[in-house]
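Colleague: Right, I'll just put the structure down here and ask away after.
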């Protein structure tokens with residue numbers, strides 16, 4: 001079937017438009033006082049609200065997929081389920097939406113690391129969407145969204161200058177545990193799989209290259225997270241106002 005006529009396109013379009021509509025709804029919610037005085041913080045707050053919603057839905061969905069189809073933990077290339085396939089399409093739609101949102105809002109320079117991540121993630125997801133291979137790998141990758149629930153909550157509190165709240169202090173420890181369980185551990189497991197089994201295949205080599213670049217980004221983010229929350233005296237003093245990563 002020609003790629004342009006693939007039935008996955010309506011799914012991707014529907015997912016993208018769903019997140020666009022969600023953003024419009026979330027933009028109507030009242031803003032925290034510290035956020036509404038700054039247009040950049042306002043944009044970032046709305047952006048994070050959409051990300052937070054995506055993380056909750058995708059994280060729980062990924063866990064349910066693995067519970068329903070546990071062979072995805074082993075047969076990373078060939079295991080397939082309708083629920084897992086729809087999840088990958090759903091998350092690819094989010095990445096498309098967020099990429100467009102960053103570009104249209106002229107935040108490309110400040111958020112270029114997000115754009116690089118999104119492009120790599122979409123490249124990996126498209127192998128499952130259009131060729132129905134490595135859907136299990138895509139579901140395993142989306143376990144990271146469980147960690148992102150707490151990471152995004154952390155960033156929202158930082159934007160709102162709420163680091164003194166008890167919730168922030170408790171969340172930073174939960175966030176650290178979730179980072180290990182749902183980000184570092186699945187990433188290490190997938191990297192081991194592709195190094196051992198998929199590295200000799202054309203598509204496997206492509207996905208391995210993406211995975212290794214994501215590994216590097218995840219380790220960099222982890223070091224920033226540790227410095228910011230647990231070793232603040234070592235964190236860089238000069239921070240760009242318009243750059244919102246994991247710091």
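For all residues, glycine too, the Cβ spot is worked out from N, Cα and C.
Curation does not apply to TrEMBL; its annotations are automatic.
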Colleague: What range among 79-96, 97-114, 115-132 does TrEMBL record as transmembrane segment?
Modeller: 79-96
Colleague: Have a look at 13-33, 202-222 and point to the one annotated transmembrane segment in TrEMBL.
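Modeller: Checked against TrEMBL: transmembrane segment maps to 202-222.
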Colleague: In TrEMBL, one of 173-190, 227-244 is tagged transmembrane segment. Which stretch would that be?
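Modeller: It is 173-190 that TrEMBL annotates as transmembrane segment.
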Colleague: Would you mind listing the long-range same-chain contacts of the transmembrane segment (47-67), meaning Cβ under 8 Å and 6+ residues beyond its ends?
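Modeller: Long-range Cβ neighbours of the transmembrane segment (47-67): 19, 22-23, 26, 29, 73, 81, 83-84, 87, 90-91, 94, 97-98, 101-102, 105, 139-140, 142-143, 145-149, 152-153, 155-156, 159, 182.
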